[in-house]
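According to Swiss-Prot, the protein carries these features:
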BINDING   GLY169, ASP170, ARG171, ALA172, THR173, GLY174, LYS175, THR176  ATP binding site
SITE      SER362  site 'Required for activity'
Amino acid sequence: MTLAYDDALEILKSQLQSFETDIKMEEVGVVYAVGDGVARAYGLDNVMANELLEFDSGEAGLAFNLEEDNVGIIILGSESGIKEGSIVKRTGRILDAPVGEELVGRVIDPLGNPLDGKGPINAKHRSPVEKIAPGIVKRKSVHEPLQTGIKAIDAMIPIGRGQRELIIGDRATGKTTVAIDTILNQKDTDVYCIYVAIGQKKSTTARIIELLEREGAMKYTTVVVASATDPAPLQYLAPFTGCTIGEYFRDNGKHALIVYDDLSKHAEAYRQLSLLVRRPPGREAYPGDVFYLHSRLLERAAKLYDELGAGSLTALPIIETKAGDVSAYIPTNVISITDGQIYLEPDLFNKGIRPAINVGLSVSRVGGSAQIKAMKQVAGTLRLDLAQFRELEAFMQFASDLDKATQDTINRGLRLVELLKQGPYSPIPVEKQVIAIYAGTNGYLDDIPVSSVRKFEMELYGFLDANFKDLLDELKTKKAIDDSVKSKLKTALDKFKASFIP
């Protein structure tokens, strides 16, 4: 078959018009050094800071250090497939993480990959892990309470929604227990929780996840894990990923609580990466911007203005001190960034006073305005009573020579210290806390043996549940002690005390 000249020309024209050159331009670089979770590459001239990069082995990397003739890349995974001469290409996007309701109840790594074996996470939204914190105009002062369920904290060091409250202390003083108790106490509230484990042992993290499952707390909790065996880049990213997940709830008019356990290990991971990419070391070999590392993270916790949905993100960072040295570099940095600290003391812990909170050194700088009125009414004298007791404690051995007023102060103090003790993972509703502290500060415990105070407290809760449910409900609703509540409260305590056998 022969084609006419004109037909052949038309076919050729249409073919040329529909011809597409499917050329995809990619900017690539070449790795010239790799080791310890860090690679250096040349050729990535237009790369952005914190841009996600991809190695030819399939591993992801993050542009961490931008220099004149090379890029320092932190490897987000195994470096085993990356060698000198490997190709690394730009993706053109900043590192982001999945966010949203789909992550509730899941355990993930800092890149958003599931670790719990419950299948893929089909998140509808993604958000950059590094974000600028809300400005002054977008914020509202902290005014709603975030109840921890721990008597000593809710009474004397109250925390509000949108606050940053540091939990600081030596190893094995109960820091994680305080944070987990706070998560457990959000069970019947509208607060979503995020627990970020940074550099923790896998067995410890597994135990915490099991506890959260057992107590029904995983229904509203997301766990982000970068364990001790994970490379430093993942430990560095973990808190930022957790914060991004919490910000999704904050920005959608909801409330979230995030626990960073702990930021000491986070600073160490950052120090390791900074030294490997040859950033100049400063005090304790930390880089000069380690303050900014934590300030930009913790400033993202905020209470937003009503026009923006009135959401909040509350942060509980944990710092581990060495031999009680609160004046070390990282502890002082984080103390100055946060809105107060809860200081846990080994001496108190070893004496059996748990939670081992040193009330003198602990403070909440903004939470007072968030405390419910009923708690303010009963706990007003509590801190003062305990301070007077601590002053006179040294004279206890001379008990027989003391005047009656001093003896009464010591006796009241001993009972209050006993009353503030609390077992782990057993948060108490705030209305019951109010009644117990009212009993302590109004002399109901003064003639009860110190050894029976805990028994008195536990039996009192049972008695109230059985006989004075209306009083608990009224306290919960009114959140204040008016004359009617006060008379019911006195009646309940008098009745219970008459039937109590120490």
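Each Cβ is built from the backbone N, Cα and C atoms, and glycine gets one as well.
Source: prediction; values computed, not measured.
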Exercise for the section: Return one of helix, strand or coil for SER362 (site 'Required for activity'), based on DSSP. Expected result: coil
Practice task
Could you work out which of the binding-site residues (ARG171, LYS175) has its C-beta surrounded by the smallest number of other C-beta atoms within 10 A?
Solution key: ARG171
Fill in the blank from the handout: Note on ATP: the CB centroid of GLY169, ASP170, ARG171, ALA172, THR173, GLY174, LYS175, THR176 has further same-chain residues inside 8 Å, namely GLU320, LEU344, PRO346, PHE349
Handout entry: binding-site residues compared (GLY169, GLY174) - highest count of Cβ atoms within 10 Å
Key = GLY169
Exercise for the section: Work out the three-state DSSP category of ARG171 (ATP binding site). Expected result: coil
Fill in the blank from the handout: By Cα geometry, the one of the binding-site residues (GLY169, ASP170, ALA172, THR173, THR176) nearest SER362 (site 'Required for activity') is GLY169
Problem - Among THR173, SER362, which are recorded positions, the residue with the most C-beta atoms within 10 angstroms of its C-beta - result: THR173
Practice task
For THR176 (ATP binding site), just give me the three-state DSSP call.
Solution key: helix
Completion exercise
binding-site residues considered: ASP170, ALA172, THR176; fewest surrounding Cβ atoms within 10 Å belongs to ALA172
